[in-house]
There are 2 protein chains.
Amino acid sequence: MDERSALRRLAAALPAAGDDAAIVDGVVVTTDMLHETTDFPAGTTRYTAGWRAIGASLSDVAAMGAEATAAVAAYAAPSLVETELDDFLAGAKAVCTAVGAEYVGGDLDTGTEFTVASTALGETDEPVRRSGAKPGDVVCVTGRLGRTAAGLRAFEAGDVERGNDLFRFPPRVAAGRALAPHATAMMDSSDGLARSLHQLAAASEVGFDVVWSDVPVHSAVDDYATDATDRRELATAVGEDFELVCTLPPAAVAAAREAVPVSLSVVGDVTANGVRMDGEPLADEGYTHE
Amino acid sequence: MDERSALRRLAAALPAAGDDAAIVDGVVVTTDMLHETTDFPAGTTRYTAGWRAIGASLSDVAAMGAEATAAVAAYAAPSLVETELDDFLAGAKAVCTAVGAEYVGGDLDTGTEFTVASTALGETDEPVRRSGAKPGDVVCVTGRLGRTAAGLRAFEAGDVERGNDLFRFPPRVAAGRALAPHATAMMDSSDGLARSLHQLAAASEVGFDVVWSDVPVHSAVDDYATDATDRRELATAVGEDFELVCTLPPAAVAAAREAVPVSLSVVGDVTANGVRMDGEPLADEGYTHE
């Protein structure tokens, strides 16, 4: 069973699951586990790991259109090294500060592999789900895509400083709050644009027609892409960018753009069915842990 | 740096840490990570693992005197096996149901070792901290101690069914709620009675005089203890029992006993300083992951 099948099983077993985060009495809660071998390339600093692990959970809070209030983490490593722990905590606190949340501690343990489980909390009375997109809406993304894909290439190329810089993404909490009154559906792009569109399509029972030339590509992608095909892959299929993908009624785009503190790009239209890019079926491919 | 030094460092860096759980705007949050090699002896079922991992976090909510509202878990294993995942979810949901909380999903991942990171949420307007014990109070424990120590011996002896049964402890959420109006300080006994007393002593700046013959010992301990010294070790130093250790003004004991749905044993007195059992210094020893 791969992770996607397992997640479907989990979602089926738990009515509250299947969105970016669960909501209990207005409290948003989401948890993620990251591992050194799959999530932190060689050269990732503990500061970056703390930022990125907590940031991934804060991104799920953002995707619900919620305010982020707090985060905790459980940290395990083969040995607990004081400087590493201090760096991790500094990164965890910095990303919380960046979105107005409070880092309130966690658990420490030894384990065979460096592993971080992060949990973020948020608050909202009107969460934005994945299931509200309607044909006639447009689909938008915040920021630019491919940042993590470029970061992975930077680490591969031995450019550790740039890799770390690209890996410390800004969670889009303020953008999610600003989009919440307008968006009909929203999620984060943690599995890549292509897979996010398929997930929104399934949850909302709609389709998408996306225009590749309208997809905003992160400038770092151009430094590492080997050709046009590779560039498109990096921007749409690698994922872990933690930008927001949302649908809006066309009439709401101007007001949403005004309210959102980052760029908001219209990349296509919501249709009755099928997920297409430039008229061709867009494969449901992205980042899957096997 | 062992786990205790690391936790002290974490507590010093984070004002909100250092208790059983953090509190943000009345929401109690706590997270724990458990690993196969250190926390789940061979023979532990995934049902038991789900119960125990979530139960450990619910116990931290109980130790704050809070209502338990929800729990999530991140689950990692070398391969995601459908029956194992189903069993884990069933155990996680059962322990939530047992304390009136809702299991609301989580994250799945592959990793080199079976690992569970659990997070529990609760609500309280008046949390019970570790820092309120006063000389003249008495110190009490819920239930009986040594259940996990006996469970470990059961697994060692190959009595897997009994080991699993002993490992599925009942989190003391209802007891914690009932004790909250009376207790001056409270924590759970996850590190063993001896270490819990030292932690309460440090947080409250007090001491304890405990009477060994008043310590309630779990009946299973007698099935596995090799002699009287071993019996005392199993009951006081192994820990992971997740009972509550609290201090009460003597005048409140009768009302607390009336309100608490499990047994409540007075095991000693709060003093000005020093942690003693039967007049002898009680070593600050217990369960420490190295």
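Every residue, even glycine, has its Cβ placed from backbone N, Cα and C.
Fair warning: this is a prediction, and the values are worked out from it, not measured in the lab.
Feature annotations, reproduced from TrEMBL:
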BINDING   A:Asp20, A:Thr30, A:Asp60  Mg(2+) 4 binding site
BINDING   A:Thr31, A:Asp32, A:Asp107  Mg(2+) 1 binding site
BINDING   A:Asp32, A:Asp60  Mg(2+) 2 binding site
BINDING   A:Asp39, A:Glu240, A:Tyr287  substrate binding site
DOMAIN    A:18-123  domain 'PurM-like N-terminal'
DOMAIN    A:134-274  domain 'PurM-like C-terminal'
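Feature annotations (TrEMBL) mapped to structure.
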residue: A:Asp20; record: Mg(2+) 4 binding site; contacts (Cβ under 8 Å, 6+ apart): A:Thr30, A:Ser59, A:Asp60, A:Val61, A:Ala63, A:Met64, A:Arg130, A:Met187, A:Asp188
residue: A:Thr31; record: Mg(2+) 1 binding site; contacts (Cβ under 8 Å, 6+ apart): A:Ser57, A:Ala117, A:Ser118, A:Thr119
residue: A:Asp32; record: Mg(2+) 1 binding site; contacts (Cβ under 8 Å, 6+ apart): A:Ala53, A:Ala56, A:Ser57, A:Asp60, A:Ala117, A:Ser118
residue: A:Asp39; record: substrate binding site; contacts (Cβ under 8 Å, 6+ apart): A:Arg52
residue: A:Asp107; record: Mg(2+) 1 binding site; contacts (Cβ under 8 Å, 6+ apart): A:Val72, A:Ala73, A:Ala74, A:Tyr75
| Using an 8 Å cut-off from the Cβ centroid of A:Asp20, A:Thr30, A:Asp60, can you name the remaining same-chain residues around the Mg(2+) 4 site, in sequence order? | A:Asp19, A:Ala21, A:Val28, A:Asp32, A:Ser57, A:Ser59, A:Val61, A:Ala63, A:Met64, A:Ala120, A:Asp188
| query | Three states by DSSP: which one describes A:Glu240 (substrate binding site)? | reply | coil
| task | Among the binding-site residues A:Asp20, A:Thr31, A:Asp32, A:Asp60, A:Asp107, A:Glu240, say which ones reach under 8 Å of chain B by Cβ distance, listed as they appear in sequence. | result | A:Thr31, A:Asp32, A:Asp107
| query | Among the binding-site residues A:Asp60, A:Glu240, which residue has its Cβ surrounded by the fewest other Cβ atoms within 10 Å? | reply | A:Glu240
| query | In the domain 'PurM-like N-terminal' (A:18-123), how many residues does DSSP assign to helix, to strand and to coil? | reply | 40 helix, 41 strand, 25 coil
| query | Counting across all protein chains shown, how many other Cβ atoms sit within 10 Å of the Cβ of A:Thr30 (Mg(2+) 4 binding site)? | reply | 31
